[in-house]
Amino acid sequence: MITKIKEAKTTKQGMLDNVMRQFNNAADIIHLNPSIRKILEITNNELVVHFPVKMDNGDVEVFTGYRVQHNNALGPYKGGLRYHPTVDIDAARALAMWMTWKTSLAGLPYGGAKGGIQLDPSRYSNSELERITRRFTYALGDNIGPELDIPAPDVNTTPQTMAWILDTYMSTKSPSERSKNMHVVTGKPIGAGGSEGRDRATGYGVYLNIKFWATHKKVSLKDKKFIVQGFGNVGYWAAYFLEKEGAILVAVQDQFGSITNENGISVEHLFEYTKSNNGSILGFKESTPIENNTFFSLDCDICIPAALGNQITKENAPLIKAYLIAEGANGPTDIEAEEILLKKGIDIIPDILCNSGGVIGSYFEWLQNRNGEIWQLNEVMEKLEKKLEESFKRVIETSKSKNVDMRTAAFIIAIERLELAYIQRGIFP
Ligand SMILES: NC(=O)C1=CN([C@@H]2O[C@H](COP(=O)(O)OP(=O)(O)OC[C@H]3O[C@@H](n4cnc5c(N)ncnc54)[C@H](O)[C@@H]3O)[C@@H](O)[C@H]2O)C=CC1
Ligand SMILES: O=C(O)CCC(=O)C(=O)O
């Protein structure tokens, strides 16, 4: 029996190079205005903060937090906060850039930002995480704001994290200003101003994109086998909806290890199990543990990377048997791997389309807070589906008209919207 724990990666993910190459590839194809290219290839603002926090044992630890604001030509900066040992300035830059393309592609009135704290949250108690989050929020100060830069959850941050940020940010405002600041952060718990459906929005969006792709290819999802890397917010909800559609989850990998069952893993059973097992999938009875490095080569139809960046590389790409990769994570496929996959005829629904349900759900939450409205779950889900379907169709049309893969098509749409905004504002000829 294999029980080796998957080592948490602490090395750099090297995502910046990937996003720049993706951007430059699309920019070359559309002959992007050189002045606009100069603006888009760098970030507007980069904030690095060091802040002290008292630990439960009385010691003080100093943490490093980041917020990178890439571009706000289309609206306030928007993007998540990640708590992970791999968070550094380059990771924040790369993830902020992807946010700009994602919000632009989705047609939202937002720019792109990302940030987080370099730490391993499993090493801290809940009350330490609360103090760390509150001190980070103080350190960010008025560099975030409901009409300036709106954070949201990402890896290892939750609705609770967002509620702490909201509460801390509000406490810095005068009493008459407080209620106007509810939309400083999205992905909040519903009781603290969150929206119905934001919890599942990203995973639901991943599932919808797979469904649109299946309809486009005239295939049924029933009995199709799928594997999911990452069984957190995105991976769980994507698996949940795919299973409801009749697809079969045959393997899961998380930070602790990998499990498989070719007859199917019950999504709900596994979810319940992880809740009682410190979030880990290891030891789940209705499955067999497998070596981590065999995960991506398992026999399946659909592969959903929903964990970290650069997980599909030139080493494992040749072994992939799935014919569709649906990128729940940001930047899970590196450039060399993508070339291999496309040559093999494997379709990739790119991250900026595939996981855009999350930021669209955040936009709906922001709108509700801003307008004093409360929408029902079905209303949110219907609006989400409509927006995602529009994006999916545009990507397919552009892919056909320009004879490019789906990622390049998605980047072209996103960049052209930004280019138009700059040109219409009269900044460039
Ligand atoms: N939460 C959201 O709304 C959105 C998240 N994303 C992206 O989706 C991905 C996952 O995010 P969440 O589900 O929110 O995070 P999460 O913190 O809820 O879950 C992360 C999952 O990935 C697993 N994981 C971590 N390191 C791993 C490794 N080295 N190998 C295998 N599995 C590993 C964890 O064990 C956990 O199951 C990230 O790339 C994030 O940027 C994208 C759009 C929105
Ligand atoms: O919901 C949001 O604002 C952003 C979520 C996020 O970080 C992402 O889409 O990568």
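Cβ from N, Cα, C; glycine included.
Heads up, TrEMBL stuff is auto-annotated, nobody curated it.
The substrate binding site annotation in TrEMBL covers K78, K102, S362. K78 (substrate binding site) counts 29 other C-beta atoms within 10 Å of its own C-beta, drawing on all protein chains shown.
On its own chain, K114 (active site, proton donor) has R67, V68, H70, G79, G80, L81, R82, A92, L95, A96, W98, M99, D154 as residues at least 6 apart in sequence with a Cβ closer than 8 Å to its own Cβ. Look at K114 (active site, proton donor): DSSP puts it in a strand. TrEMBL lists K114 with the feature active site, proton donor.
Here TrEMBL flags D154 as site 'Important for catalysis'. Under DSSP, D154 (site 'Important for catalysis') is assigned to coil, being neither helix nor strand in the three-state scheme.
Per TrEMBL, NAD(+) binding site is recorded for T202, N233. Listed in sequence order, P153, T158, D199, T202, G203 are the same-chain residues six or more apart from N233 (NAD(+) binding site) with CB atoms under 8 A from its CB.
If you look up TrEMBL, you'll see 367-394 marked as coiled coil.
Sequence-distant contacts (6 or more apart, same chain, Cβ under 8 Å) of K102 (substrate binding site) comprise G112, D351, I352, N355, S356, V359, A414. DSSP assigns K78 (substrate binding site) to a strand segment in the three-state reduction. Confidence for the coiled coil (367-394), expressed as mean pLDDT, is 98. With a cut-off of under 6 Å between the Cβ and any atom of ligand 2, the recorded positions K78, D154, T202, N233, S362 reduce to K78, D154, S362. Counting Cβ atoms from all protein chains shown, S362 (substrate binding site) has 30 others lying within 10 Å of its own Cβ. Every protein chain considered, the tally of other Cβ atoms within 10 Å of the Cβ of T202 (NAD(+) binding site) stands at 31.
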